[in-house]
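Asker: The annotation repeat 'PPR' is assigned in TrEMBL to 166-200, 201-235, 236-270, 271-305, 306-340, 341-375, 376-410, 411-445, 446-480.
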Amino acid sequence: MNNLKHFRKFSTFLDSPKPPLQIPVNLVTSKQRNLAPIPLPHRTISDPKGQDLDFINVAHSHLIHSDWSKLDSLSTGLTTFRVKHILLKIQKDYVLSLEFFKWVEVKNPNSNTLENHSIVLHVLTKNKKFKSAELILRKLLESGSVDFPAKLFEAILLSYRMCDSSPRVFDSLFKCHAHLKKFRNASDTFCSMKQYGFVPNIESCNAFMSSLLKLNRIDVALGFYKEMRRSRISPNVYTFNMVMSAFCKSGNLEKAVEVLREMENISLKPTVVSYNTLIAGHCNRGLLSVATKLKSVMEKNGVHPDSVTYNTLIHGLCKEGKIHEANKLFSETKRTGVAPNVVTYNTLINAYSQAGNSEMGSRFFEEMANDGLKADILTYNALILGLCKEGKTKKAAFLVKELDKLNLVPNSSTFSALISGQCARKNPDRAFQLYKSMVRGGCHPNKPTLTLLASTFIKNEDYDGAMGVLKEMLERSIAPDLDMLTEISSTFLRCGREGTIIKLLQEIEARRLMPEGFDKTTMISSTD
């Protein structure tokens, strides 16, 4: 019912006429209450005299003539004061400035103070050599102390007017913090920049938001986006796509759709990534009708679906058990000229295998090979699972042998599928041997695999075998299921093995893995 309500609201929203663009009220009021920027400080430095002046002039002459051998002989006379004046003297030549800076780093690194680093950063960013500037910044920031970023900002600020610099120097600092995932430092830099009337460009803001979203810091990313808009930093398509992704991840799909509409209102054309983001968001919530509607809207607006669009929808349909509809969409990809890829085939093979139809999975596998696509471990895992679900363990074992020939390494999913196949054939001892091979191979079993293995032992009335699996679960801090523990406990108590089960239950309690609803006292007293 909620899905239908969301679909109707979404359809009305998309089909209604576009309202005129309105400036949010908070942007206007924010501008009115903002204080004037703090004036930039102007630090003056004393002119060189005497020996300092002579040294600087001689060094400068050697530099402009690229006479590094003569310059080497002067390296012992380097001081912070002299290096600074030489850098200021050659600042119009960014290549020479960087070469001299690097030379000082080798000959007398103590002479390259924070202020001298700042001068080089001004020179490089003013000449749009941002990669070189970021390399210097990274080296500085990765070796600095807790309060170092604030000192660095101050050093850059104090030398700004001296070097007739560009605002891009602060932009580079902000972006470098973002790339290093130093979010607090990036935020502090952003606030400090605003105090002096600077704001980062949209590419730097995007880098910050991207780093936040990669670490799933959704609330922080959305909060920064609001601050961007308050600061009148104009977003681009990439920004909007990230904001839509953030809203989708947080489950706020209506807000995500509003962002799409906002893009159109400011004459930014949504891209295939924009629509794919929304389609994935709705598929993840099971809102397949809305996702399909979005595909129609993108086509109507002249944006052609790509393999990601189709793969997302096919995966969403398969997840909901609508394999027939997924198959129809797969046929559409070929008609429209969008070539299915390995992900497309893997999704369908896995869906048919999960449904217990290994024959259809094999057909898609053959079609995949005919299309010239190379199967990966996920393909084989899906095929092996389908065969094992039907108890066809010999065919599954044959596929496992093929993995070696293809240099594909079996993983946890491969072993889990094989274990499920042996369990389907009611052969838990063989399944347990596979489990041991799995662990020896460095793969980690999950709870469903171990639970299935224990349940198969119980169905075969091999309670010692089930107890062995249970102990393996405890070693891996996996809590047993209530029904499994109840059945094993009651069986051992009936057989007069109270000591064994009491010791096990004590261990489960000590590890805090007791399943909810299990009452140890009642269980033990019921057999008295």
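Positions of Cβ are set from backbone N, Cα and C atoms, glycine also.
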Asker: Quick check on the repeat 'PPR' (306-340): DSSP residue counts for helix, strand, coil, in that order please.
Answerer: 26 helix, 0 strand, 9 coil
Asker: Who are the chain neighbours of the repeat 'PPR' (166-200) in space, where the CB to CB distance is under 8 Å and they lie at least 6 residues beyond its ends?
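Answerer: Beyond its ends, the repeat 'PPR' (166-200) has Cβ neighbours at 37-38, 40, 121-122, 125-126, 128, 130, 133-134, 137-138, 141-142, 149-150, 152-153, 156-157, 160, 207-208, 210-212, 215, 217, 220, 224, 227, 231-233.
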Asker: Under an 8 Å Cβ to Cβ limit, what residues of the same chain, 6 or more beyond the ends of the repeat 'PPR' (306-340), are close to it?
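Answerer: For the repeat 'PPR' (306-340), the list is 272, 275-276, 279-280, 283-284, 286, 288, 291-292, 295, 298, 347-348, 350-352, 355, 371.
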Asker: Could you break down the residues of the repeat 'PPR' (446-480) into DSSP helix, strand and coil, giving a count for each?
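Answerer: When I sort the residues of the repeat 'PPR' (446-480) into the three classes, I find 26 helix, 0 strand, 9 coil.
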